[in-house]
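Asker: Okay, handing you the structure first.
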């Protein structure tokens, strides 16, 4: 029987973004503002969707799921980063590191699949508008949403178990501001080739499949837009879909760049920047691009604000 290696490391030391006190404080203020803005934007979207009956349909159901994921994603990593910047407390327990990696991969994986589902939803709405209500029923939406969360959970469970059954012995310094797959593989003193192969295969198949579904959906959407008679309608549709596609490509590109590659190519400085793009920037941009530019959402927010003001003045 093969002997299971048990780690001798009880805690990990996360590498901070800077050692200079003045730079750390500026970074703390910057990321705190971004984090609070992200929370405010996504919570606002959830409140609007949950309280306004006009927004309780398939598209906004998926947007609500996206906003929830965009609340969870930075919440998993940013508070610990802020603590390290302000208090210089870079220590994270072994269990804390396991949970942080698990929930991060879970949320990122779920969002990858959800973006593919949302692209398919928009494809049906634009290319088959008369059949939309029959094809994309609320029952199908619930099944698709549950499916994305379930696949994300088991994908994360596989990756986390592969990482934390490795042996960590020589060093406990994680070359990243949070626990992630590439720096943990680089830190391990166990052979990682077979596990990397499984991670690359699973991440490559699932990630590329979701990306292909998204890309094909948007290709059909753009073709349908080109067939529109009104130039104003085409311009509006191009503006909306272009913004959506930009954020989607940013998210897919950065996540695939991070997880679908061997650990030998890991570059700490480059990876910190890349991880901020999908872990901090896209959760901030998503509510702006997907929801707050939408007239229906704006009207719903005005109604919510009006109701709140009325309740406070009573």
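Just so you know, glycine gets a Cβ as well, placed from its N, Cα and C.
Not my notes, these are from TrEMBL:
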type     : residues : note
DOMAIN   : 41-290   : domain 'G-protein coupled receptors family 1 profile'
TRANSMEM : 25-48    : transmembrane segment
TRANSMEM : 60-78    : transmembrane segment
TRANSMEM : 98-120   : transmembrane segment
TRANSMEM : 140-168  : transmembrane segment
TRANSMEM : 197-225  : transmembrane segment
TRANSMEM : 237-261  : transmembrane segment
TRANSMEM : 273-292  : transmembrane segment
Asker: Quick check: do the transmembrane segment (140-168) and the transmembrane segment (60-78) share at least 3 Cβ pairs under 8 Å, counting only pairs 6+ apart in sequence?
Answerer: yes
Asker: Apart from its near flanks, which chain residues at least 6 from the ends of the transmembrane segment (237-261) lie with a Cβ under 8 angstroms of it?
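Answerer: Contacts with the transmembrane segment (237-261): 108, 111-112, 115, 119, 122, 126, 180-182, 199-200, 203-204, 207-208, 210-211, 214, 218, 221-222, 225, 228, 271, 274-275, 277-278, 281-282, 285-286, 289-290, 293.
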Asker: Which range out of 25-48, 98-120, 197-225, 273-292 gives the transmembrane segment (60-78) the most CB pairs under 8 Å?
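Answerer: The listed stretch sharing the most Cβ pairs with the transmembrane segment (60-78) is 98-120.
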Asker: Give, as a single whole number between 0 and 100, the mean pLDDT over the domain 'G-protein coupled receptors family 1 profile' (41-290).
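Answerer: A mean pLDDT of 87 is what the predicted model shows over the domain 'G-protein coupled receptors family 1 profile' (41-290).
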Asker: Using a Cβ cut-off of under 8 Å, list the residues of the same chain at least 6 residues beyond the transmembrane segment (98-120) that approach it.
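Answerer: The answer is 59, 62-63, 65-66, 69-70, 72-73, 76-77, 80, 92, 144-145, 147-149, 151-153, 155-157, 159-160, 163-164, 178-181, 184, 206-207, 209-211, 213-214, 217-218, 221, 248, 251-252, 255, 278-279.
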